[in-house]
Ligand code: FPP
């Protein structure tokens, strides 16, 4: 089976799962966290090098206060309960997004978890928290503008690589496969720069129901895709060029 080096997931449908089961929305999120725990383990076992999860968007701050509070609580619990797993399985935690907007105690737990797992090298688990790609791009543009203004960087020397180096995802390769659950076919402000050549996979399955079997289906479909990176099929098959990059 084709194993992507970097798998990114938009975990959607917790609310609808709860509604379908006549439960409060927070129960859907709780089940969603259980799915996160099992998918993290499966990806690690499969040898996926990078797993990036869209856990809380910049726009999610606009949800009812009670739901935002519940999500923050679940995040705190998740970090505590997963620490052992991350340490024993060699998983390194990273975060992308406007972390300073998170409640201070959560920010602190996150910082500790990132520091404690910094030496792990079997899989990088990146949580996108208070994340929006436009916000990330704006912050990157500001960082570059400040370096140009100070005379440290020439505007003309800015290229793709320079730009990527000031994004939150610097040092993380672009995703090979993006999965979005719950039938929505949108990118919703997730990794807009990084998804340029990513294969997209959409499934009707709601996130709490996304199990190993669903993951296998997505990976099988990924294996059938032909990635061309804007080149011709002949080039990709090694007739004209060996490396599509
Ligand atoms: C979408 O469901 C999901 C979210 C807004 C957040 C995803 C969060 C989790 C899975 C739990 C917290 C994550 C971690 C890593 C601890 P929705 O509420 O938008 O569903 P709906 O579209 O059916 O309403």
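Cβ coordinates come from backbone N, Cα and C, glycine included.
Model, not experiment: these values are computed from the prediction.
A sphere of 10 angstroms centred on the C-beta of residue 12 (active site) encloses 23 other C-beta atoms. Per TrEMBL, the feature active site maps to 12.
As annotated by TrEMBL, Mg(2+) binding site applies to 12, 199. According to its DSSP assignment, residue 12 (active site) is coil.
Sequence annotations record features per position, and here TrEMBL assigns substrate binding site to 13-17, 25, 29, 57-59, 61, 63, 180, 186-188. DSSP classifies residue 29 (substrate binding site) as helix under the three-state reduction.
In the three-state DSSP assignment, the secondary structure recorded for residue 60 (active site, proton acceptor) is helix. Residues or ranges marked as active site, proton acceptor by TrEMBL: 60.
Of all the binding-site residues given, namely 58, 180, 199, those whose Cα is no farther than the 10 Å limit from the Cα of residue 12 (active site) are 180. Close to ligand 1, meaning a Cβ under 6 Å from one of its atoms, is not one of the binding-site residues 17, 187, 199.
A simple Cβ count within 10 Å picks out one of the binding-site residues 13, 15 as the most packed, and that one is 13. Most Cβ neighbours within 10 Å, among the recorded positions 58, 60: 58 holds that distinction in the structure as shown. Residue 199 (Mg(2+) binding site) and residue 15 (substrate binding site) are 26 Å apart (CA-CA, integer value).
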